[in-house]
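Single-structure report; data block below.
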Amino acid sequence: MLSPKKTRFRRQHRGRMKGLSSRGNQICFGKYGLQALEPAWITSRQIEAGRRAMTRNARRGGKIWVRIFPDKPVTIRPAETRMGSGKGSPEFWVSVVKPGRILYEMDGVTKNVAKRAIGIAASKMPIRTQFIFSEIK
């Protein structure tokens with residue numbers, strides 16, 4: 001599972017997911033991509049599940065780039081705990097995704113193979129996504 005090696009602070013505020021993604025919304029590395037259409041927190045487990053699904057479906061050949069990284073810790077308090085006594089301990093890591101963000105990119109395979117592999121990865125995501133492709137490469 002993906003997680004940062006070292007962080008400045010152990011806990012973070014939840015924050016808001018306002019507006020569209022201003023960075024990471026263009027295809028940069030591959031020819032095909034999976035683009036988010038809704039805002040969400042995507043966990044490191046979901047990212048890994050999508051990556052595995054794409055790798056299995058692309059079979060041999062093809063290169064995959066994961067364009068998001070889970071750098072936000074999510075804390076959870078133990079069950080049946082009274083209020084107070086500080087914030088809970090970090091349990092898992094999430095990536096904050098806004099609409100327009102590219103989640104995965106792929107190259108080295110045909111369009112229909114990429115569409116099938118990315119479609120299976122999309123079903124692992126908790127949000128609506130779309131398959132996009134670059135005309136340039």
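The backbone N, Cα and C atoms fix where each Cβ goes, and this holds for glycine too.
A quick note: this is a predicted structure, and the numbers were derived from the prediction, not measured.
According to Swiss-Prot, the feature compositional bias 'Basic residues' maps to 1-17. For the compositional bias 'Basic residues' (1-17), the list of distant contacts is 39-40, 44-45, 47-48, 66, 69-73, 75, 87, 90, 93, 96-98: same-chain residues at least six beyond its ends, Cβ to Cβ under 8 Å.
Look at Swiss-Prot and you will find 1-21 tagged as region 'Disordered'.
DSSP assignment over the region 'Disordered' (1-21) gives 0 helix, 0 strand, 21 coil.
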